[in-house]
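> Take a look at this one; I'll ask things after.
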Amino acid sequence: MSSIVRNSDDDPLVIAIQQPRIAIESVSPVVEEGAYPAKTESDRDLRLAARIFADGHEVLGAEVVWRRVGETAERRLPLLPEGNDFWSAQLRTPPCGRLYFRIEAWIDRFAGYRRELRAKHGARLPLDLELREGDELLQRCAERGGPEIAAACAPLAERLQACQSVEERVALWLAAQTGELLRLVGPREHLVRSREYPVEVERPLARFASWYELFPRSESGDPTRHGTFDDVIRRLPQIAAMGFDVLYFPPIHPIGRTHRKGRNNSLRAEAGDPGSPYAIGSEEGGHEAIHPELGDREDFRRLLVAVREHGMELALDFAIQCSPDHPWLREHPGWFAWRPDGSLRYAENPPKKYEDIVNVDFYAEQALPSLWEALRDVVLGWVEQGVTLFRVDNPHTKPLPFWEWLIAEVRGRHPQVIFLSEAFTRPAMMARLGKVGFSQSYTYFTWRNDKQELAEYFAELNQPPWRDCYRPNFFVNTPDINPWFLQRSGRPGFLIRAALATMGSGLWGMYSGFELCEAAALPGKEEYLDSEKYQLRPRDYQAPGNIVAEIARLNRIRRENPALQTHLGFQAYNAWNDRILYFGKRTADLANFVLVAVCLDPHEAQEAHFELPLWEFGLPDDASLQGEDLMNGHRWVWHGKVQWMRIEPWHLPFGIWRVRRVDA
């Protein structure tokens, strides 16, 4: 027989022999195979999982190996089998920053040996040969593992030799302490490693927060006087009493005068019209400056302190757009795309036009890299002032590589900074913004109104890829969006949307005036009449018909129920009425389980039979659950799976019930 010389570089047999015997699949949480980090928050249990299997009946061992960015020291967690080849571990997440993990798996000879020994011992089979095999396995481990392994194995070998009976030796081999020792020192045959996957750890505020937006210039209480930061400070107790965590301002910078907009977006401003705060920049300064009528740096610092004293944080608007008066046009004309006649094209976001705004050109020859660095420095400058939350205006109209770079630059130095994406655009772009680093995002929730589309949207956000890269912030309105539903639904409609937002996601927001049920619209448009973007709008926040108390109660319910502090865990349940959305949110251990029923009809009472999710507690259909109405504190016991409800929207268009086992 002639011998064949094989080239190991391209021989299929050699390549096959070198392939891993163990398969690692379906690793989670993973975004695009590790191209982008999955999202999580500090000080929580993060489930790391994978499907791991091999041929035959070999017993496998597996671990998660993880490290923090910038560290070389690795930490290990054992993965435990869940069934159907899935393995998982719970990692208590570290403080903010990037971490990396991989999965390692191997054939665990000692675990296989102990399993076989236990089975044969239980069947009362002769074990002399098996015990000799165990001794040889331990000896090989000591000989091949080096001095430290040999030293660790020696006490076990001595104890086995000292055993006086087969039963004693079997008991020692099967002892839990022996199993733990062998897990640590045993050979890891056919060891295979997954690639390394990134996870971005952010503050809990990135997942759970209630945002309140106001224009500080309207807080004077006088339609003829521009508001100040001190006026906002006087308002803080009211906002904090409603349970908000974040106070968010539109841009607070100087406003241009060229092409300044008048009331209701008029192309002509009258004397005294303040203009749109999004037309940033004048002779008083640009993105780094404060509008002089709001106050100065010292006033701003005093505001930041007051906001924190009321248990909130301040978020600023980062809008990359300039008025024609912005200092950058004089200082850096090469950052802009000039037309042949020497003019600049005004900004557009169809169908909207912004004649008072011009845009920078990110890829202009003179803008690379100085414009990018200047914008980064704007953000870092406000971080140095104490701002760690930024709502970013229309990020989908700026380059994705810019955002990925800027967010990494900022969070690399200040990992506590949170970025909210205000992008109402195509789903792929919204998801991609989350992947490149935005902590959270505005959503399509604003336009989801009927039962099917709400249930489908909430469920979609719980599934990949959204689940791991996108945190939805359910804003019920914005200065730009006066939703059709609110324009024609009256006070009950505002309560409906508040309930859906607060119960549907850990993140929700509202623009001031929502608590007063403001809905006057420009005819035929989803915009506010007398928009605050173009004029001062002082309000009576205690006006009759307000929903301040209900908002405060909803926010309190969120704080008291961990299941409601995330958009994850949504599960729709049966309620046999197309105008009632009925769903549940729960923690993994069922310690907190909240049911929510929302009447989607703001005008008519609705009734429905509905199912108590007894099966979620492992209970039969005739079992009972304790119920507690979280809006009024009433308690009772429900008996049986099918129940009945009636919701009258003029009283309260929703019900929120915490349920638990009767024997809990």
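Just so you know, glycine gets a Cβ as well, placed from its N, Cα and C.
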> May I ask you to find which of Gln321, Gln440, Gln487, Gln571 Swiss-Prot records for the alpha-maltose 1-phosphate site already listed with Lys261, Asp356, Asn394, Lys533, Tyr534?
Gln321
> What three-state secondary structure does DSSP assign to Asp393 (active site, nucleophile)?
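The three-state answer is strand.
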> Quick one: Cα separation, Asn394 (alpha-maltose 1-phosphate binding site) versus Glu422 (active site, proton donor), in Å?
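Cα-Cα distance, Asn394 (alpha-maltose 1-phosphate binding site) to Glu422 (active site, proton donor): 5 Å.
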> Counting every protein chain present, what is the number of Cβ atoms, excluding its own, within 10 Å of the Cβ of Lys533 (alpha-maltose 1-phosphate binding site)?
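Taking every protein chain into account, the count is 21.
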> Might you list, by sequence position, any residue in that chain lying six or more from Lys261 (alpha-maltose 1-phosphate binding site) with a Cβ less than 8 Å away from its Cβ?
Leu267, Ala269, Asp273, Gly275, Ser276, Ala279, Glu355, Asp356, Lys533, Tyr534
> Restricting to the same chain and to sequence separations of six or more, state which residues have a Cβ under 8 Å from that of Asp480 (site 'Transition state stabilizer').
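Within the chain, Asp480 (site 'Transition state stabilizer') has Cβ neighbours under 8 Å at Glu527, Lys533.
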> For Gln321 (alpha-maltose 1-phosphate binding site), which residues in the same chain are close in space, meaning a Cβ under 8 Å from its Cβ, but six or more apart along the sequence?
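The list for Gln321 (alpha-maltose 1-phosphate binding site) reads Tyr278, Ala279, Ile280, Ala347, Tyr354, Ile357, Val358, Asn359, Val360, Asp393, given in order along the sequence.
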> Could you say which of the binding-site residues Asn394, Tyr534 has its Cβ with the most other Cβ atoms inside 10 Å?
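Answer by Cβ density within 10 Å: Tyr534.
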> Whose Cβ, among the recorded positions Asp356, Asp393, Glu422, has more other Cβ atoms within 10 Å than any of the rest?
Asp356
